[in-house]
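Asker: Dumping the structure here so I can ask a few things about it.
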């Protein structure tokens, strides 16, 4: 008896999924992909450029856009109050949406573009050369560190956010080397501080 019940219930479950799937859609399925984010149009709302996706959909497929706006309209009607705009939009802006890094914000350049070179004494007659400010010219510090180490045949390391320490006294040569390698760094933006204590 127990085996008969489980078999019949198992057959019903399998039959239900097949029947419901056939009723909902025609096979083969035709999926509409967004021209902006390349996802199906149902998933565009989870991307950072929702406005661009909606504009593309409205321009290329106005009837699909109308279906989407009709589906979303009950949510918006509940958020509208008298004398105010839609509250739902404000709440959407406050909440973080999933999917991607979001919109990339441009960094504001408030730091003046200046490269400073200083000679710092170590032990006895040994010196290190400190180069600061290369990052303000959008120069990769790791690449610059490798270049200095290879050019001067010495050790070099990135120590701070915008600081490279080169083992040895290269204050005379380094100005010319920087201008050869990175022409965007002009002579006026390089300042030699001379010998500086730690």
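Backbone N, Cα and C define each Cβ position, glycine as well.
Here Swiss-Prot flags 72-81 as compositional bias 'Polar residues'. Annotation comment: Swiss-Prot describes 95-109 as compositional bias 'Basic residues'. Under the heading domain 'SUI1', Swiss-Prot lists 115-182, citing sequence analysis as support. If you look up Swiss-Prot, you'll see 2 marked as N-acetylalanine, on the strength of similarity to another entry. Annotation source Swiss-Prot lists phosphoserine at 20, 73, 189. What Swiss-Prot records for 72-109 is region 'Disordered'.
Describe each of these features in terms of where it is and what it packs against.
Answerer: Under the DSSP three-state reduction, residue 189 (phosphoserine) is assigned to helix.
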Asker: Measure the Cβ-based neighbour count of residue 189 (phosphoserine), defined as the other Cβ atoms within 10 Å of its Cβ.
Answerer: 17
